[in-house]
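Q: Let me give you the structure first, and then I'll get to my questions.
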């Protein structure tokens with residue numbers, strides 16, 4: 001179980017790092033600029049250089065901040081993000097544990113991450129961080145209500161909150177054909193949830209103050225930075241599980257469960 005946990009964390013971290021590089025490449029293409037092109041072949045190892053810089057950078061704790069909670073909040077947020085992937089979203093066997101109420105479990109973890117964001121701004125003792133933390137937390141919690149109502153309707157149709165039930169229900173007919181217009185609204189809400197353009201309300205690229213992470217740097221800033229991309233990747237997987245046939249398309253790769261604990 002310990003080995004599987006370590007492998008899972010490494011695989012997810014590498015996927016998230018690749019997503020960060022892909023997003024930067026796409027943004028540079030849209031904005032007609034070069035983008036990352038120095039480290040590795042055409043900049044493909046840029047995420048390794050960024051990670052090395054962040055992990056070797058020192059951490060300064062503000063004099064008025066609570067040192068314990070200042071360090072604990074990003075650590076808790078990082079733990080919440082990794083806990084997402086211990087659920088059975090990979091497949092029936094490729095998970096550390098399986099719970100009957102997978103959708104509820106994911107929603108609770110998402111709400112907990114929003115609380116971490118709010119408390120992060122509060123314990124920084126910076127008025128800009130406090131305002132940004134409240135703004136981000138209120139936005140995330142309000143969106144969770146909408147997502148909860150939407151997924152509740154879908155779960156009533158499937159008569160279960162389990163990812164396995166969604167896989168069985170969609171063996172013949174995908175739910176995307178029933179909830180196409182609803183999915184378009186969900187995608188807009190997900191953009192709001194993960195603070196992606198044009199809904200980057202909690203933190204805009206044009207602002208000098210980086211929201212609730214204003215006082216953070218180095219390793220602790222990297223945890224929040226990865227947390228946003230964890231949400232982005234997890235919500236993408238969640239949409240695939242709920243609307244696009246679950247893990248039925250991954251059946252050729254399910255032989256890997258023989259090599260897991």
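Keep in mind that glycine also has a Cβ here, set from the backbone N, Cα and C atoms.
Copying in the features that Swiss-Prot gives for the protein in this structure:
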TRANSMEM  2-22  transmembrane segment
TRANSMEM  69-89  transmembrane segment
TRANSMEM  103-123  transmembrane segment
TRANSMEM  138-158  transmembrane segment
TRANSMEM  172-192  transmembrane segment
TRANSMEM  224-244  transmembrane segment
Q: Residue list, the transmembrane segment (2-22) vs rest of chain: Cβ under 8 Å, 6 or more residues beyond ends.
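A: Distant Cβ neighbours of the transmembrane segment (2-22) are 36, 43-44, 46-48, 50-51, 82, 85-86, 96, 226, 229-230, 232-233, 260-261.
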Q: Quickly jot the same-chain residues contacting the transmembrane segment (69-89) by Cβ under 8 Å, restricted to those at least six beyond its ends, or write none.
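A: Hits for the transmembrane segment (69-89): 5, 8-9, 12, 61-62, 95-99, 102, 105-106, 109, 112-113, 116-117, 119-120, 123-124, 163-164, 215-216, 220-221, 223-224, 226-227, 230-231, 234, 237-238, 241.
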Q: Counting only residues 6 or more past its boundaries, what in the same chain has a CB within less than 8 Å of a CB in the transmembrane segment (103-123)?
A: 65-66, 69-70, 73-74, 76-77, 80-81, 83-84, 87, 129-134, 136-137, 140-141, 144, 147-148, 151, 155, 161, 163, 193, 211-213, 216, 224, 227, 231, 234, 238, 242
